[in-house]
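Step one of this worksheet: look at the structure below.
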Amino acid sequence: MWNKISSLIFWLHQPDHVARFQRYFGVLQIFNSQPDLKSKSDKKNFNKTQSNKIKSSIPNGVYHPYHERKVTYDTNILDECIQELEHSSSKVEEEKNISSPIDYKITSWFWIWNVDGCVARKVAILWAFFMYVGQATKDILTMPRPSSPPVVHLEKRYVKEYGFPSTHAMFATGIPLSFVLLSYQRYDFPLWIGLICAAIVCIWVCLSRIYLGMHTFLDIIGGTLYALLLIYIMFPYINTIEDFQLNLILSPVICFFLGIFLIKCYPSVKEWSTARSDTTVILGSTFGLLSAAAIMHKLGLLERPLTPPVYSIIAPNLGFCVLRTIIGLLIVYATRQLVKTCVLRVTSALYGLDWKDPEIKRFAKVEMPYYYLTYFSVGFNIAFACPLVFRLIGINRDYSYTEL
């Protein structure tokens, strides 16, 4: 029995399945030609031996669904493959010294201004829990991402992170499902519709990670099951945790230092990757938001509903939604730019570093305050400054039952 399970796990972790998935959807590996450092005679001898090796390892053709034909490998591509092999060792050393560019970064905080604040706070708590545990688990297990080749990595930013479990799969499973279940406790809507939507989001994100070549099928399945396990463990206590956090007198202070403590407890890694900084961003944003919510509650700005749930869903004013999003984005952008600039310059001055050097952000003594304080401030203003501005100019949402 155990042999069958271990064989299945090994099969799911093979990068060849990811490569086939990518090729089916039209992602083919392209080798960039490199400058020739060998003499012509050496190149001819090298070409003969390496061409035979490559030709023997390349299949007769790869099926390309969009062209309804076989994609063959001509001599030009073989030459590029040979040049890639010639310089692969030097390229690895160069890439170690060059930071990977950030392809894109997506944040989804701004929906909080247009939905139920009570549900949003609980989802934020679960989000931080899922991502912290998931990222830490990856850096403890140190299981690599699928190798390239045969896989094509389309998202360079995360290549140096480990692969198992997929935190994108954890996010895509845990957050939509938690959002649906928490909303169902407060609002009247068909549960099956919410579950179908959550499943679609989960499948969509998980398959996209395979398409991008960043995870094996084992990573995706493991992340999905891990998220379901964490929901099972955490969900019964989420209401108690949120009530405790709102009503504790020193809650804002405790939230601030709890985030720092969790970052300090994060497992150390042999080689720098974006995992620690991403985790710091998540913790800073979440604890900043929770601190602001606790202060708003103590100031009496969060209204308790007159009747208990379940409530009917009321369509929002779309014009106010757009205004809240635009104004909120401006406040968040200003907060982020101001705080990150100040924190970077102060920490650089304290440690005698050049604040203009992007490499200093990899130092733990700079990375932690830079990301944590910046995104703690962002999360704080999302839940404090922005709602106050919305109230001041009269575009706030209905707070009569959406806050507590």
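Here the Cβ of each residue, glycine as well, is placed from N, Cα and C on the backbone.
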Match it up for me: which of 118-140, 279-301 does TrEMBL list as transmembrane segment? 279-301
Where among 189-210, 217-238, 244-267 do we find the most Cβ pairs under 8 Å to the transmembrane segment (162-183)? 217-238
When secondary structure is assigned with DSSP, how many helix, strand and coil residues does the domain 'Phosphatidic acid phosphatase type 2/haloperoxidase' (120-235) contain? 83 helix, 1 strand, 32 coil
